[in-house]
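J.: Have a look at this one before I ask anything.
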């Protein structure tokens with residue numbers, strides 16, 4: 001089956017030195033693009049989830065620094081911009097990785113800085129396509145695949161990680177379909193994953209977040225495929241809040257639980273998931289929906305944006321360098337030493 005060419009949510013306008021971001025807060029109602037000309041504006045867009053997904057925000061940050069360099073920012077301004085971008089979201093390691101990589105080039109001519117940002121983008125899309133190729137054979141024939149949040153083209157430079165596996169499986173002729181859970185409170189599954197898959201002609205059915213266990217018990221789910229925001233050296237995985245619960249359910253029902261992520265998401269300097277900083281977002285994102293309050297005034301709410309899935313619950317981690325199974329720590333170390 002031929003699948004529609006995926007969107008690329010982060011673009012660079014060379015003629016005008018602008019970062020163009022697909023406003024993911026406006027989806028699915030409107031396909032709206034924002035044009036940003038400063039690192040401050042891009043950092044704000046990362047913080048408020050205009051652009052989201054660990055690889056995508058890394059690409060956005062790289063282009064933000066390229067904009068600053070091309071517009072003549074001096075060393076002090078570039079250092080401040082890099083620091084601001086790196087701190088925009090603490091859990092997603094791709095962001096800090098991209099900023100570190102760009103920072104090493106900030107003393108070079110502006111054209112070289114932009115070339116490095118383009119390289120980060122191109123490498124991420126190539127990694128996603130390789131992840132898809134390695135992950136597709138893991139998906140059972142004609143399976144209904146459960147995914148969480150959005151780890152598709154919208155979350156990357158293009159093609160996707162978890163949805164890259166789905167996309168590659170479909171392109172190979174495997175007649176699979178997808179269950180996308182809505183992913184409260186930002187509704188990435190409902191607004192983004194369902195929109196992206198429907199746009200690309202891949203069968204998708206939307207679920208509420210509490211349905212997965214029952215559908216697993218009924219034999220309606222063949223495997224779970226998710227992305228990641230950070231993978232610790234021991235194989236623990238930080239991903240969108242709710243991922244851990246799905247991993248527990250999958251283990252109980254003896255279903256494969258796969259994590260798809262580029263190597264830039266692997267953080268060998270972080271020993272375990274307990275060492276990963278978890279971003280806490282504002283309570284308003286939980287108690288408000290589409291501008292309307294959905295909980296009584298005065299009732300507090302919590303929103304840890306991510307949780308950590310222990311490596312013991314992960315069947316395999318799929319990166320562009322290879323597929324890692326238990327023991328995950330040894331497998332990740334082997335892939336690291338092979339390059």
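Numbers here mean position along the shown chain, with the first residue as 1.
Each residue, glycine too, has its Cβ placed from N, Cα and C.
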J.: Name the one residue among 16, 87, 89 that Swiss-Prot lists for the same substrate site as 52, 53, 54, 188, 239, 240.
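T.: Candidate listed by Swiss-Prot for the same site: 89.
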J.: For residue 149 (site 'Transition state stabilizer') and residue 229 (active site, proton donor), determine the Cα separation and express it in whole Å.
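T.: Roughly 11 Å, rounded to the nearest whole number.
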J.: Determine which residues of the same chain, besides 52, 53, 54, 89, 188, 239, 240, have their CB within 8 A of the center of the CB atoms at the recorded substrate site, and list them by sequence.
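T.: Going along the sequence, the neighbours appear as 92, 149, 150, 151, 155, 227, 229, 305, 306.
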J.: Name the secondary structure element type, per DSSP in three states, that contains residue 188 (substrate binding site).
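T.: Once the DSSP labels are grouped into three classes, residue 188 (substrate binding site) ends up as helix.
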J.: Long-range neighbours only, meaning 6 or more apart in sequence with Cβ under 8 Å: which ones does residue 52 (substrate binding site) have?
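T.: Looking at Cβ-Cβ distances below 8 Å from residue 52 (substrate binding site), excluding near sequence neighbours, one finds 24, 46, 150, 155, 188.
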J.: Express the distance between the Cα positions of residue 54 (substrate binding site) and residue 229 (active site, proton donor) as a whole number of Å.
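T.: With distance taken Cα to Cα, residue 229 (active site, proton donor) is 5 Å from residue 54 (substrate binding site).
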J.: What three-state secondary structure does DSSP assign to residue 229 (active site, proton donor)?
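T.: Looking at the DSSP assignment, residue 229 (active site, proton donor) belongs to neither helix nor strand, so coil.
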J.: If I restrict to non-local contacts, at least six residues apart, and a C-beta distance under 8 angstroms, what lies near residue 89 (substrate binding site) in its own chain?
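T.: Expected: 46, 47, 57, 95, 279.
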